[in-house]
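A.B. asks: The structure's right below; bear with me while I get my questions together.
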Amino acid sequence: MPVLGIETSCDETAAAIYDGERGLLAHALYSQVALHAEYGGVVPELASRDHVARINPLIREVLARANLRPDQLTGVAYTAGPGLVGALMVGGAVAAGMAAAHNLPLIPVHHMEGHLLAPMLEADRPQFPFMALLVSGGHTLLVAVRGIGDYEILGESLDDAVGEAFDKTAKMMGLPYPGGPHLAKLAQLGTPGRYKFPRPMTDRPGLDFSFSGLKTAVLTALPKGATDQDKADIAHGFQEAVTETLAIKCARAIEQTGFPALVVAGGVGANLRLRERLGEFARKNNISLHFPRHEFCTDNAAMIAYVGWARRSQGQHTHTLLARPRWPITELETV
Ligand code: ATP
Ligand code: MG
Ligand code: FE
């Protein structure tokens, strides 16, 4: 049952094909990062236009690599939200057009459910129930996952998302856009312990996060005429504060639920220090830990094709186009 997945929610255009028996058959992605770099952030109108230009060749590419004709698919899944409305509409319209032309069911997919279930694309898949730490450019969530679509949010950021905090802090330090990976790289050259930043909201009970204060702490610490070493030391201190805060809250969430597994997904899941820090925690506490491979931490269509296949195989689909810029993950149907 091969299902095509289409992702166009933000600044990555992507297509992939997932099959229940054979797994991921093909995936392809075009990143618009260079297009938006000179503006220091995603320009929605430019993103939509570029999706229009990129998506069809990517779909042709994955069909060719999977050696399939469109009429051999059993469904077309697309990211229906959350995301930029114009960008979502492009992927949705292309998916709806293909579905109509080849008489295929259409499967709207929640982008964050895609991130959440991306570890299912790996050989070492997590078993339900598990705790999920979703850390991306727009979201910071601790989710109790009891099955597909059965999501309970236990904690979330009250202000900036983790990825956003990385990007904003990197921008303040003069690093190129998008700053998260650059800041992480710089942190590797930093002197441990020279800067110690707060671990926000860890001194009180609860599982919510707040990252906007860290930005201010970095700004205050950043000396005028900071040298490269100063910047690396600050980046190190920032990354330690963020990863330790996330690790403390994950430990609390696992303790609270007794769940035996932790899944980490979303772009910040690519952060090596976070992987290392949570690895230590998991080993000590005998928790199984799952990450998607690096390229499936950030936006991709493989995760959308997977969710599309999982929902399609349970009979869920529609024939109408849906675009929901805001869409709480807790409103999904279970399968
Ligand atoms: P959302 O999924 O919430 O809509 P998004 O799709 O923009 O947001 P992702 O593509 O999942 O987010 O992740 C991108 C984010 O991950 C960016 O903020 C980026 O800086 C951050 N990021 C990527 N790699 C790293 C890294 N190694 N360390 C820290 N942050 C990283
Ligand atoms: Mg992106
Ligand atoms: Fe994303």
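The backbone N, Cα and C atoms fix where each Cβ goes, and this holds for glycine too.
These came from TrEMBL, pasted as-is:
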DOMAIN    24-306  domain 'Gcp-like'
BINDING   HIS111, HIS115, ASP299  Fe cation binding site
BINDING   LEU134, VAL135, SER136, GLY137, GLY138, ASP167, GLY180, ASN271  substrate binding site
A.B. asks: So what's the average pLDDT for the domain 'Gcp-like' (24-306)?
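C.D. replies: Its mean pLDDT is 97.
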A.B. asks: For ligand 3, which among the binding-site residues LEU134, SER136, ASN271, ASP299 have a CB under 6 Å from it?
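C.D. replies: Only SER136, ASP299 qualify.
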A.B. asks: Find, for the listed binding-site residues LEU134, VAL135, the residue with the lowest Cβ contact count at a 10 Å cut-off, counting only other Cβ atoms.
C.D. replies: LEU134
A.B. asks: Between GLY138 (substrate binding site) and HIS115 (Fe cation binding site), how far is it from one CA atom to the other, in Å?
C.D. replies: 12
A.B. asks: Validating a neighbour-count step here. Other CB atoms within 10 A of the CB of GLY180 (substrate binding site): how many?
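C.D. replies: Around GLY180 (substrate binding site), other Cβ atoms within 10 Å: 24.
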A.B. asks: Rounded to a whole number, how many Å is the Cα of VAL135 (substrate binding site) away from the Cα of HIS115 (Fe cation binding site)?
C.D. replies: 9
A.B. asks: Find, among the binding-site residues listed as ASP167, ASP299, the one whose Cβ has the highest number of other Cβ atoms within 10 Å in the structure shown.
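C.D. replies: Sorting the candidates by Cβ neighbours within 10 Å, the top entry is ASP299.
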A.B. asks: Who sits close to ASN271 (substrate binding site): which same-chain residues at least 6 apart have their Cβ under 8 Å from its Cβ?
C.D. replies: GLY180, ALA184, GLN239, THR243
A.B. asks: Of LEU134, SER136, ASP167, which binding-site residues are close to ASP299 (Fe cation binding site), meaning a Cα within 10 Å of its Cα?
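C.D. replies: So far as Cα distances go, the binding-site residues lying within 10 Å of ASP299 (Fe cation binding site) are SER136.
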